[in-house]
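Taken verbatim from TrEMBL:
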{"type": "TRANSMEM", "residues": "7-25", "note": "transmembrane segment"}
{"type": "DOMAIN", "residues": "28-104", "note": "domain 'VWFC'"}
{"type": "DOMAIN", "residues": "137-247", "note": "domain 'CHRD'"}
{"type": "DOMAIN", "residues": "249-369", "note": "domain 'CHRD'"}
{"type": "DOMAIN", "residues": "370-493", "note": "domain 'CHRD'"}
{"type": "DOMAIN", "residues": "499-626", "note": "domain 'CHRD'"}
{"type": "DOMAIN", "residues": "654-713", "note": "domain 'VWFC'"}
{"type": "DOMAIN", "residues": "732-801", "note": "domain 'VWFC'"}
{"type": "DOMAIN", "residues": "821-885", "note": "domain 'VWFC'"}
């Protein structure tokens, strides 16, 4: 009971800032902890460090209907630990990411063995989606694209969903390079279109950003299809359905199966993985168009594993045609020759449907292809004997179909000479290294780089590489077991114009001035596009949990790399604040000076943490460019080459129309009617909030024109004016995730929480000594009056209304207990029985609506108009009722007509 009470206390403290909107009704979903969820979504709340994900608390976005039948969302959370079953074993275990303990099984299931232990699932019908309960599996999707008309082309699409971004990697066979990819909703309408850039490879990479919530629900329920077309003289089109599949997480080998027949419009894919320690090859087939006879319940097929047209193995089975064209099986105990041919991409998989008119598709098995980047960051804190040296290592890899692995490695900042660079597996015992490949002969001491190819990868090594099970180790004269070490893993494709095929910029404490002895390191890809916008991707490794709480990345431009002084960073831009190991984005409106420093190689990226606010790791950046006039930031960032012009905005179902202009979903702007408001577009809904100015700590302030808030006067103060005593503070201020801005040390502000705007019931403060943001709930004062009111709708605390001097019986004190209650409408107070016409922003006074105060309750009613006997009637502007007239017709303005329609509902 004490543990449960303690949990709820922590839960309440963490979400105290969001109490005013946790149970707020939202259109088409719920907002919780700064994230959006669709109706009927279930999740475990993430409280962040140090609490993490609360697996024993389950939240649910339930749908509710208003009186008018509108469906809204409401968040409900409950503790599910009490629902855990009683176990009869002596020593139950609690697995990571679970709430309830389970009885241990005979063998532990590791990530690459889960495929093997679910062999009983392989024989289930693939319409059974019970294996998709894992959140990780739900993040991956696949599609088989076959010909719609006369074509033999086949494509395989692999998707990875990260929040609201859908990254896709598409490979194709027997068709020319496509020029357009279209995602189709259940009605066949285009939900998203991607224009494929020109190229020579058989791979298409792209990202669909900001996927709408309804589309995400359709994606999860497998209702989205994908179409890919070419612009060749003979137009080709292939289509397929996007589905979830359990094999995607374990897949390390793949094959696209095509037909040798012309215009066959059939094909398939194979997803394969290896089990350990046996050399078994598990595979799942997804077939399209191969089974022509849908009337027969069981269709015999023949699966063959071949090498140069010689059949090595053969499997015969029956599949259920009317349920699914999927098939799963295991090839057991592959011998050394078969494993060698598998690693070289020389094994061919053939599938044939037996019958009167047999059909056959086949394809070669290669390592899994995707647009992701295989990379590694090596740090001293991840070495077998962890330390803090300030050194860094970086590596990128490229796996070919024939099993050759190209590598590029660079090392800097180590304490002594490099004596070994090796690719290893995780040691089974401490300090018992297991080396797979020695790269030391290719390492050049002068440049600190190793460039070459590993042409002897075994099939097991390819499997381990694509399962993120390999490591790269750098040994030095002072650390023979390894001073730097890093895991080799895939980095998801982001769609940014960052040159991932090139070695990235090294980030190390060794490059900070003065050098920082840190165990963390990183690397970054940086580029400048044609619009002079800066694209960046940063990966850090080796940060401790304490350091990882607050991480900021800055781009600096200085004449030379020296110790940073507060007055010597005029060309410094915040790239992003991130939590975790990766950060990426696009920096617009880059200054001319900073672009010149990038061109000259005198710019650098610096990552600062809570422990080292002046920089923990840093790296010099050199990007040749001809951006003499600075960043052309007027160009909006497009979603995968799809231009955001006015015509495209009109077609977007989530666009907002406000003040005769279309605004994209998620955009922010200042409205014309009031510069002290900030508006945003959230799925066709415009939300405008008043701008809340930060409290300034400077002695002199000025009010700029066309600005809402005053700013500090940067002009030097007179010599006779005594300046306040300088306090040693964090030189870079604080980064707040809500408004994504830097705040000066010592300033206070109300947090901005999208899409709800400014939260006036909370106040955040930037602590200058640590660079941390501290937010706390506003404590309202105790009031002595019996009927306190909010003078402004955006105020957090209520106040006692001002007493009015008596001026006759109609002006009695509204706070007297024995008198009728007053009414508040907008910003005005009205006495009992007092009537008025409501005033609406951007519309004005609505004279056709009468409101009155009835004992503290505001009631409004539209003016009743008499019936007209004439056939032609008009309503002139300024009047409420229609009148009989001739041919002259006056129309309401759009805003008044919209308000009129709402009132008459």
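Every residue gets a Cβ built from N, Cα and C, even glycine.
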Per Cβ pairs under 8 Å, the stretch of 28-104, 137-247, 370-493, 821-885 packing most closely against the domain 'VWFC' (654-713): 137-247
Two-stretch contact, the domain 'CHRD' (370-493) and the domain 'CHRD' (137-247), at least three Cβ pairs under 8 Å: yes
Integer average pLDDT (0 to 100) for the domain 'VWFC' (732-801): 74
Per-state residue totals over the domain 'VWFC' (821-885) - DSSP helix, strand, coil: 0 helix, 28 strand, 37 coil
Structural state census, the domain 'CHRD' (249-369) (DSSP three-state): 8 helix, 64 strand, 49 coil
